[in-house]
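For Asp415, His417, the entry in Swiss-Prot reads Zn(2+) binding site, with the evidence type similarity to another entry. Annotated disulfide bond per Swiss-Prot: Cys36-Cys46, Cys75-Cys86, in sequence order, evidence recorded as similarity to another entry. Residues or ranges marked as domain 'Fibronectin type-III 1' in Swiss-Prot: 30-128. Per Swiss-Prot, domain 'Fibronectin type-III 2' is recorded for 129-228. Look at Swiss-Prot and you will find 231-331 tagged as domain 'Fibronectin type-III 3'. Under the heading N-linked glycosylation site, Swiss-Prot lists Asn59, Asn91, Asn100, Asn112, Asn132, Asn263, Asn304, Asn316, Asn336. The feature signal peptide is assigned by Swiss-Prot to 1-23, with sequence analysis given as support. Annotated topological domain 'Extracellular' per Swiss-Prot: 24-439, in sequence order. Annotated transmembrane segment per Swiss-Prot: 440-460, in sequence order, evidence recorded as sequence analysis.
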Amino acid sequence: MKQKLRSSVQIILLFALTAVGLTGQSYPGKPKIIRCRSLEKETFSCWWKPGSDGGLPTNYTLFYSKDSEEKIYECPDYGMSGPNSCYFDKNHTNPWTTYNITVMAMNEIGSNSSDPQYVDVTSIVQPDAPVNLSLETKTSASTTYLLAKWSPPPLADVTSNSHVYRYELRLKPEEKEEWETVSVGVQTQYKVNRLQAGVKYVVQVRCVLDIGEWSEWSSERHIHIPNGESPPEKPTIIKCRSPEKETFTCWWKPGSDGGHPTNYTLLYSKEGEERVYECPDYKTAGPNSCYFDKKHTSFWTIYNITVKATNEIGSNVSDPLYVDVTYIVQTDPPVNVTLELKKTVNRKPYLVLTWSPPPLADVRSGWLTLDYELRLKPEEAEEWETIFVGQQTHYKMFSLNPGKKYIVQIHCKPDHHGSWSEWSLEKYLQIPTDFRIKDMVVWIIVGVLSSLICLVMSWTMVLKGYRMIAFILPPVPGPKIKGIDTHLLETGKSEELLSALGCHGFPPTSDCEELLIEYLEVEDSEDQQLMPSHDNGHPSKNAKMIAKETDSDSGRGSCDSPSLLSEKCRESRAILSTLQTQDIRDVQENNGRRHWETQCIASEQKILLFNNESTKSPIWPAAQLPDNQPPMFAYHSTVDVHKITLCTIDVNIAPVLVENEEQHQPQYPITETVHDNMEKHREVENLYSKTDQTTVQVKQNRPNDKSPFSKPKLMDYVEVHKVRQDEVAAVLLKHKENSGKIEKYTVPGTSKEYTKVSTVVDHNILVLMPDSRIQHIPVSQEPAMEMSQNLQQGQTEKNMSYCLTVPSECKRETSASEYMDPSSFIPAFK
């Protein structure tokens, strides 16, 4: 209910304001209280300035309250002090009470109130200006003066004798700006003397009570002083001076003569005497002066001296001057000032100044003791350099600038009482420049040498700036740890840095594209020949895939992770799926016609099988033939291979059985990889498209072939031990598992790394040699090792010659690294 009432009131007010805005009428503006003033500390008045009336007749009401009362009163009299004012008479005025006064303006629409003003009567007292100011000139005793008269300010309710006013008078010539103010006192008239004849003057008067402020100045009154005869103006004594503390002289300045010849008389009297004396000598010291010789000069006596000007009309007397001869001593300036420029043995010039004391000062007898002070400056300078010399009459000055002209002056004063004399006449001295020629030459030489040194240093910095900077600020050496990339330390992430340092807290990363091994050529024995094979058999679909796990946990077994190689395999499967419709018979005919070529081609992406669950090196499966044939050589790459082929040629391979201490290292067979063109590659891929994962194998000789070697074993190349751009690749053998049994091999050492290059064949085949280490060979295999050593020389040449006869189509078109293991040429016997 209240909200509805409030909203209705707001709507009504809105309509009212809208109506007022349309008619141009509004409530009155805010009034402002200008001032409150008491004329005589018994009554006071307040004035205000009204605001806008809002287009309607407006009434103004003054309300006040006293500090000791809560009652609010209205103004007692609105007409006594004029419009927009309120007059408080004696009955409504209390000098010791503070009033709180506000003014309210009201019309038909609304009202508005002024800001409150607090009034204390004693602080607002300011009388009116005096009235009835009159000016007239009069002559008395042949002297013309100005007489000014006025009346105190009028008071309404008080008699003229109830208050005492003090007055001030000011006057000036009409054409001037500055006023001359005279304090009059309580009297209401004043005589003004020393007015100039023929000048028009302006006069004003004001007053003040014992409390409060001065009143305003009265209205101006003007008067013209006539040009008639008048007495002389009052003269002014300028000074008195004793040059040697034995005699003294006084000088005065005369005023206007009043239009008549004027005589000036100096009168003096001594302390303790009533007799008045006249000046003994008006001529010795010049006009308007009086000279007191030794007879008329007394020490420790005070003289009262005045000057009187007299003409036919009247006379005037100066203000008195009290003189003690001891304190008016001011000697004449020194004389005989001489300047002499001298030079010492080292030819540095200096200035010698000499002078004489004033001739009237009795310095020899000790009656006067004088101190001296000199000043000098270059002729073109403005400021002087002042030097106190003391009682000596000569002075030496050093460090003068050559080629300049100096001005020198000297003055003096008594050591106890008195004042400084005037400065002596100016003396000039020109300092020659020939005294500094040697120094100038030295500075010129120094400047030239400095310039040459700067030029040489600048030229050196331009030519060899980098060397100098490197010499002055040698570079901070970086860490020289093998395998640490300095660029990786600066910009690499923490994971990359930890991986490079070999920490296993983060999975290791590397640039796999740069570290891939594209080809491996492996030959098992010296006696085996790489001959074409007529067996076009393919691995059975029922072939058992056995997962092999390497024991090398070096972290560098393969630069490729299984995820990267699996992506490669997926890409090849997409290509092979489009080629499954091709007739396999045509491929077999092509393989019969070019049997050795087709067996040299293997699928690029289906060589590798991975165990994605392993966190170690990838697991490489080996295929087992269905007709219980012994397993062939299986090639398992650890790098991202773009085009890899294995030549499955009927050769009689005798694997070298090795065994290490942990019985997990496989032997190192060698196979030959030859690159073929894309057509042959696609044909062979069709043959293997039905199998998701295959292992390229190298078949052994037929059973009826005679071979002095034992049956070959499955040889797995599973890890690259060291792969770097600036080093050779080292291949480690993989663990071999067959039918749940771990075959034990004999390893010629704890590990074998192919790090030495034996020879280069056909500019693209490297023959790698392993490191020579201590070989642990069982006694049962010593005859086999001896036979392999006997057959090594002859068989190596045959194998090398066969590798050279491989058609160019089987070779990789692009440059690749092909590895041959000469250690595999050594036969082994069971």
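Glycine residues also receive a Cβ, built from the backbone N, Cα and C atoms like all the rest.
Owing to the predicted nature of the structure, the values given are computational and were not obtained by experimental measurement.
Overlay of Swiss-Prot feature records on the structure.
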residue : record                      : contacts (Cβ under 8 Å, 6+ apart)
Cys36   : disulfide bond              : Phe44, Ser45, Cys46, Trp47, Ile101, Gln117, Val119, Ile124
Asn59   : N-linked glycosylation site : Ala105, Met106, Asn107
Cys75   : disulfide bond              : Thr61, Leu62, Phe63, Tyr64, Cys86, Tyr87
Asn100  : N-linked glycosylation site : Tyr64, Ser65, Lys66, Asp67, Pro116, Gln117, Tyr118
Asn112  : N-linked glycosylation site : Tyr27, Pro28, Gly29, Lys30, Pro31, Gly51, Met104, Ala105, Met106
Asn132  : N-linked glycosylation site : Lys149, Trp150, Ser151
Asn263  : N-linked glycosylation site : Ala309, Thr310, Asn311
Asn304  : N-linked glycosylation site : Tyr268, Ser269, Lys270, Glu271, Pro320, Leu321, Tyr322
Asn316  : N-linked glycosylation site : Thr143, Arg194, Pro231, Pro232, Glu233, Lys234, Pro235, Gly255, Lys308, Ala309
Asp415  : Zn(2+) binding site         : Thr369, Leu370, Asp371, Gln391
Query raised in the report: Other than its own, how many Cβ atoms are within 10 Å of the Cβ belonging to Asn336 (N-linked glycosylation site)?
Result: 11
Query raised in the report: For Asn91 (N-linked glycosylation site), which residues in the same chain are close in space, meaning a Cβ under 8 Å from its Cβ, but six or more apart along the sequence?
Result: Pro76
Query - Around the Cβ of His417 (Zn(2+) binding site), the count of other Cβ atoms that are within 10 Å - result: 13
Report task. Tell me, if you would, which residue among Cys46, Cys86 (disulfide-bonded residues) has the fewest other CB atoms within 10 Å in the structure shown? Result -> Cys46
Requested in this report: Check Asn132 (N-linked glycosylation site) against DSSP and tell me helix, strand or coil, would you?
Outcome: strand
**Report entry** Euclidean distance between Cα atoms of Asn336 (N-linked glycosylation site) and His417 (Zn(2+) binding site), Å
**Finding:** 25
Report summary line: In three-state DSSP terms, Asp415 (Zn(2+) binding site) is classed as coil
Query - Secondary structure content, the domain 'Fibronectin type-III 3' (231-331) (per DSSP, counts of residues) - result: 4 helix, 44 strand, 53 coil
Query - Segment confidence, the domain 'Fibronectin type-III 2' (129-228), expressed as mean pLDDT - result: 84
Query raised in the report: In which DSSP state, out of helix, strand and coil, do we find Cys75 (disulfide bond)?
Result: coil
